[in-house]
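Quick look at what Swiss-Prot annotates:
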- D287: active site, proton donor (ACT_SITE)
- N172, E238: Mn(2+) binding site (BINDING)
- I175, Y176, R177, R189, W190, L191, R194, G195: prenylated FMN binding site (BINDING)
Amino acid sequence: MQYRDLRDFIRELEKRGELKRIQTPVSPILEMTEICDRTLRKGGPALLFEKPTGFDVPVLGNLFGTPKRVALGMGAEDVAELREIGKLLAFLKEPEPPKGLKDAWSKLPIFKKVISMAPKVVKDAPCHEVIEEGEDVDLNRLPIQHCWPGDVAPLITWGLTITKGPNKERQNLGIYRQQVIGRNKVIMRWLSHRGGALDYREWCQKYPDKPYPVCVALGADPATILGAVTPVPDTLSEYAFAGLLRGHRTELIKAVGSDLQVPASAEIVLEGVIHPGETAPEGPYGDHTGYYNEVDTFPVFTVERITRRREPIYHSTYTGRPPDEPAILGVALNEVFVPILQKQFPEITDFYLPPEGCSYRMAVVTMKKQYPGHAKRVMLGVWSFLRQFMYTKFVIVTDDDINARDWNDVIWAITTRMDPKRDTVMIDNTPIDYLDFASPISGLGSKMGLDATHKWPGETSREWGRAIEKDPAVVARVDALWGELGID
């Protein structure tokens, strides 16, 4: 299914019974969070609050509150189909040389499709129907959620931040939360390794006295939103990837006040600059860990202009103890990650990010072990291969007879196949999420790998245990008798 904009997606979800319009006035201060949280935990629909208290702009919440809706947003009918997207990304990340002329011809359509999905720049766009500048810029007119009682201020959560480094051709898309601190100012909370922060750092090195242009798109089409959180190869722009998901090119328009290009179909776009050296303390906010984070300093984004549709929709979410939308996104994107990892490590049979692990902090890997020490190679590979797993604190590796998605299986493997001293890998002073207050230093902490595989000669001097297996003939006999026994 192709969705040209967010409204296309809303219409399709409503047709499928996956979206509920809320006519009752609901406040964006705490109330929307409570309603969305209850709805998400029950696997309920996306919610369109049509009458937010004190505002005339509707609020869209819980949009990606089920894995099914994430899959729909990526152009798939169910989560299982996301493996195919992962296979495409794995190929684009590390394309293999053709094995012959026939193989080369078979791969040609893939490259042609990627090339044909280069973004299309248009001259007119819905996001430019209304332009507010100067004193007319007032973020307080938007129904920006205040999610938790201890939050310091309203927080923009689903803003698609668009940046460009001074030495780069492609633009970067990232989703970074933004604390509102004035009618035209927000704090841009991007971590130092994220694309936006890297672009800004390069700008400051080259132009230390010049303001840095930034745009934030709110309410883009689902493919563009999800393209920003997917492990797209560095050689492929998020806009081009969104085109692949959508089945047609992403339409962009030049920002009014800079050379940045923004999604033409966006509901709202914030245009402005970051003045080098202008920072502010951000937080505290309730976040995906289920705790309030500590206060830290980040750049201030000054909004010089708001462009929007005449009657825009404000897209929002909240983060809290799982399950929340980031955790649900993690469940769905998990299926994209598997083929990418398998391309580099074919011995991996499954990979699972338990949603209780706050989206990415714990990973379970099953593999076909081939030699002593193999499990340790795989766990080190998980930490280093994709940027998304830089902050994964715990990696559990076990054999392919274990179901990575069944805690009963995983715990059994840990408790029967591990010696705590021999099979635990500890790595100190590694990058850790700044929101992880359990680490001894902000942004720097340790990682633990658990080798719960069968041990090979060289890893143990003892005879390894033989798993109990049932007698198939007896199982068949009892199956035949079961109805006569009257047990259930």
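Placed from the backbone N, Cα and C atoms, the Cβ positions cover glycine too.
Sequence features, as recorded in Swiss-Prot, placed on the structure.
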residue	record	Cβ within 10 Å
N172	Mn(2+) binding site	19
I175	prenylated FMN binding site	19
Y176	prenylated FMN binding site	23
R177	prenylated FMN binding site	22
W190	prenylated FMN binding site	21
L191	prenylated FMN binding site	18
R194	prenylated FMN binding site	18
G195	prenylated FMN binding site	23
E238	Mn(2+) binding site	26
D287	active site, proton donor	24
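Counting only residues at least six positions away in the same chain, the Cβ atoms of Y176, R177, Q178, Q179, E282, D296, F298 sit under 8 Å from the Cβ of R189 (prenylated FMN binding site). Largest Cα-Cα distance over the residues recorded as binding prenylated FMN, namely I175, Y176, R177, R189, W190, L191, R194, G195, equals 14 Å. Take the Cα of N172 (Mn(2+) binding site) and measure to each of the recorded positions L191, R194, G195, D287: the nearest one is G195. Neighbours of the prenylated FMN site: apart from I175, Y176, R177, R189, W190, L191, R194, G195, residues of the same chain with C-beta atoms within 8 angstroms of the site's C-beta centroid are T161, G174, M188, G196, A197. G195 (prenylated FMN binding site) carries a helical DSSP state (H, G or I). In the three-state DSSP scheme, I175 (prenylated FMN binding site) falls into the strand class. Rounded to the nearest whole angstrom, the C-alpha distance between I175 (prenylated FMN binding site) and E238 (Mn(2+) binding site) is 12.
D287 (active site, proton donor) sits 14 Å from W190 (prenylated FMN binding site), taking the C-alpha atoms as the reference points.
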